[in-house]
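Here's the structure, in structure tokens; my notes come after.
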Amino acid sequence: MTVSSAPGKVYLFGEHAVVYGEPAVPCAIERRATVEVVPREDDHVRVRADDLSLNGFTVEYEGRTGDDPDVDVPRPLVEAAMGYIDAAVRQARAAAEAPAAGFDITVRSEIPLGGGLGSSAAVVVAGIDAATRALGEPLEKRELADRAYRAEFEVQDGQASRADTFCSTMGGAVRVEGDDCRTIEAPNLPFVIGFDGGAGETGELVSGVRELRERYDFAAETLATIGDVVRNGEALLSEAIPETDPSPELLADLGDLMDFNHGLLSALGVSARSLDEMVWAAREAGAHGAKLTGAGGGGCIVALDRTPESRTALEFTPGCQRAFRAELATEGVRVEEA
Ligand code: MEV
């Protein structure tokens, strides 16, 4: 049996615009997906996925992927999760040159499905890592990130950047611009996350932004402006001392850029009332800045606040189902059991 885990992430800046070649800065957080893989004698793949959400609902799914799962969560989310697992299996088989390899797979995750915290990327990264190790063909991290990106690209009909999968593989803060992916130094950013209990459909949200971009020059300019926000944010991070608590001035400046980034994402139609309410609750409680994270449409916001105030305010916000603090995960994918 091999077990690997990989972290989820928040976007400090740059989701959606990254799909069009602008830079983005996602940061891995200490919420992990764990995938256990046991090779089988035949070529079947059996998947068991428990606790694929933060708030404790359980997905019981057993059988060849593609069978009808008996679940009490929205079907599209389960189908999406199974699609990612299938794609991860195809990548692992290809990487190990074992096209008929069969597996029993168990997935556990502390990351809400489709909530903007990179649940699919974490499952794909941990899944490919565990499966290739199970076949005796472990991958070097850059190749793993590339394979995971290809899996997401396939499931999301070509509408994926490398940001989520690279961040989940490497951990820490990363910078992604097209194919150029790097890890960057970052101070200990005090992330607070609010989760509305829902999820957005990444493919649809990315398509919606694409249509706006094709239709209106100002939508294309909005995406380019997000790129400018990211470059300003990167400049701020590069002046900070890594792995220390950031100064109040730095938090204020990063927060202003997060607020700006949220406004631009709202203009592109990917926010939601629940996300805006959580963003405002955090800001009014004194957060330095707050924005939606990930594809949007529902799911999570991320705020910067060292005090407990934003979290408390989010807990009392009607649209917020759960609020928590998230540490930067300095470790990306890791072997939990060899
Ligand atoms: C989704 O987590 C982030 C998007 O930018 C899509 C992507 O980068 O693949 C919306």
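Cβ coordinates come from backbone N, Cα and C, glycine included.
Per TrEMBL, the features are as follows:
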DOMAIN    3-37  domain 'Galactokinase N-terminal'
DOMAIN    86-172  domain 'GHMP kinase N-terminal'
BINDING   Pro112, Leu113, Gly114, Gly115, Gly116, Leu117, Gly118, Ser119, Ser120, Ala121, Ala122  ATP binding site
ACT_SITE  Asp164  active site, proton acceptor
DOMAIN    251-310  domain 'GHMP kinase C-terminal'
Original post:
Short question: which residues 6 or more past the ends of the domain 'Galactokinase N-terminal' (3-37) have a Cβ under 8 Å from it?
Top reply: 54, 103-111, 116-119, 121-123, 125-127, 129-131, 133-134, 159-161, 163-164, 167-178, 184, 186, 189, 191, 193, 205-206, 209-210, 213, 223-224, 226-227, 229-231, 233-234, 237, 254, 257-258, 261, 265, 268, 270, 291, 293-296, 300, 302, 326-337
**OP:** Could you round the CA separation between Gly116 (ATP binding site) and the residue listed as 'active site, proton acceptor' to a whole angstrom and send it over?
**Re:** 10
**OP:** Using CB under 6 Å from any atom of ligand 1, narrow the recorded positions Ser120, Ala122, Asp164 to the ones that qualify.
**Re:** Asp164
**OP:** List the other residues in this chain whose Cβ sits within 8 Å of the Cβ centroid of the ATP site residues Pro112, Leu113, Gly114, Gly115, Gly116, Leu117, Gly118, Ser119, Ser120, Ala121, Ala122, in sequence order.
**Re:** Gly8, Ile111, Gly294, Gly299
**OP:** Provide the number of Cβ atoms within 10 Å of the Cβ of Ser120 (ATP binding site), excluding the reference atom itself.
**Re:** 31
**OP:** Find the shortest Cα-Cα separation between Asp164 (active site, proton acceptor) and the binding-site residues Pro112, Gly114, Gly118, Ser120, and name the residue that gives it.
**Re:** Gly118
**OP:** Looking only at the domain 'GHMP kinase C-terminal' (251-310), report the model's average pLDDT.
**Re:** 98
Subject >> Structural state of Asp164 (active site, proton acceptor), classified by DSSP into three states >> reply: helix
**OP:** Please report the DSSP secondary structure of Ser120 (ATP binding site), reduced to three states.
**Re:** helix
Subject >> Of Gly114, Gly116 (the binding-site residues), the residue whose Cβ has the fewest other Cβ atoms within 10 Å >> reply: Gly114
Original post:
10 Å Cβ neighbour count around Ala122 (ATP binding site)?
Top reply: 34
Original post:
Within the domain 'Galactokinase N-terminal' (3-37), how many residues are helix, strand or coil going by DSSP?
Top reply: 4 helix, 25 strand, 6 coil
**OP:** Write out the long-range same-chain contacts of Gly118 (ATP binding site), meaning residues 6 or more apart in sequence whose Cβ is under 8 Å from its Cβ.
**Re:** Pro7, Gly8, Lys9, Pro26, Ile111, Asp164, Cys167, Ser168, Gly294
